[in-house]
Amino acid sequence: MSTTAADLLGPAEIRQLADKLGVTPTKKLGQNFVHDPNTVRRIIAAADISSGDHVVEIGPGLGSLTLGLLDTAGAVTAVEIDKRLAAELPATAQWRAPAVADRLNVVTQDAMQVTAEDVAAPTALVANLPYNVSVPVLLHFLATFPTIERVLVMVQAEVADRLAAEPGSKIYGVPSVKASFYGKVKRAGSIGRHVFWPEPNIESGLVRIDRHPEDQRSWPQDAQTREQVFPVVDAAFAQRRKTLRAALGGHYGSPAQAEEALTAAGIDPKLRGEKLDVTDFVRLAGVDVAEE
Ligand code: SAM
């Protein structure tokens with residue numbers, strides 16, 4: 001990858017920017033800034049970004065990743081909740097990447113409140129996500145922007161493992177199924193603590209999601225389907241040690257009705273939720289069960 005158009009931020013520039021803005025990173029907003037250009041290059045390479053992409057970045061912070069994205073993508077929209085950081089971002093782009101600074105658009109907002117009107121048809125999501133809201137924010141963006149084809153996010157290592165877990169594994173659960181509703185989920189590397197300022201007390205991991213092409217999935221990814229499928233997933237894992245017949249009793253009205261739905265979907269009612277993949281959940285949610 002060429003980085004000719006952008007000078008990435010190292011430890012000295014990160015401290016310089018933080019001092020200039022009087023920023024003391026807060027835990028509440030998950031503010032751990034990357035001060036290692038190699039990590040930025042790794043993330044961008046793992047995301048396969050090209051000039052055809054409009055990348056949406058959640059939580060640009062001081063701009064470490066944003067500069068790398070400006071260098072490789074056709075356009076970048078950065079969504080930042082912290083007003084001081086958001087306000088400085090265009091100046092940082094001018095300072096470190098003047099030739100491509102006009103590719104940047106900043107949205108000063110809580111990512112959870114972003115709607116389809118705020119960002120025009122992004123093709124990729126690339127972010128070092130704020131850890132405390134990483135999964136809900138990720139799912140919100142996948143739901144809101146059907147144009148996002150690729151996702152590369154840095155999250156807590158444990159969350160990365162859960163997102164990418166396969167059916168049958170102990171850590172397979174709600175985030176794994178919901179993420180695979182949208183696409184193929186894979187671990188894309190590990191990141192140590194030393195690349196951040198301040199250093200977090202946890203390891204991080206990269207996750208890549210490639211959205212299922214429309215002709216390779218049997219379900220629409222619209223709100224109606226989501227509202228049908230996701231409550232069944234939530235119920236199946238709320239009591240994950242129970243059989244599906246018992247765990248889904250509340251959702252279907254009774255264990256007998258749950259059994260009827262499971263059988264109609266061709267699923268053994270004695271199984272546990274952790275054995276089902278996303279296609280099983282979609283099929284099950286599509287079964288109509290008569291009221292008792
Ligand atoms: N991308 C930068 C980097 O890699 O150095 C910063 C990443 S830092 C882990 C997370 C960033 O997300 C912070 O800049 C924080 O202010 C921002 N943030 C936290 N909660 C947010 C939210 N709900 N919406 C948008 N941004 C948020």
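Every residue gets a Cβ built from N, Cα and C, even glycine.
Binding of S-adenosyl-L-methionine is annotated in TrEMBL for ASN32, VAL34, GLY59, ASP110, ASN128; the matching candidate from GLU13, GLU80, GLU149 at the same site is GLU80.
Ranking the binding-site residues ASN32, ASN128 by the number of CB atoms within 10 A of their own CB puts ASN128 at the top. Annotation for GLU80 (S-adenosyl-L-methionine binding site): same-chain Cβ neighbours under 8 Å, separated by at least 6 residues, are GLY59, PRO60, GLY61, ALA86, LEU89, VAL106, VAL107, THR108, GLN109. Taking the Cβ of GLY59 (S-adenosyl-L-methionine binding site) as centre and 10 Å as the limit, one finds 24 other Cβ atoms among all the protein chains shown.
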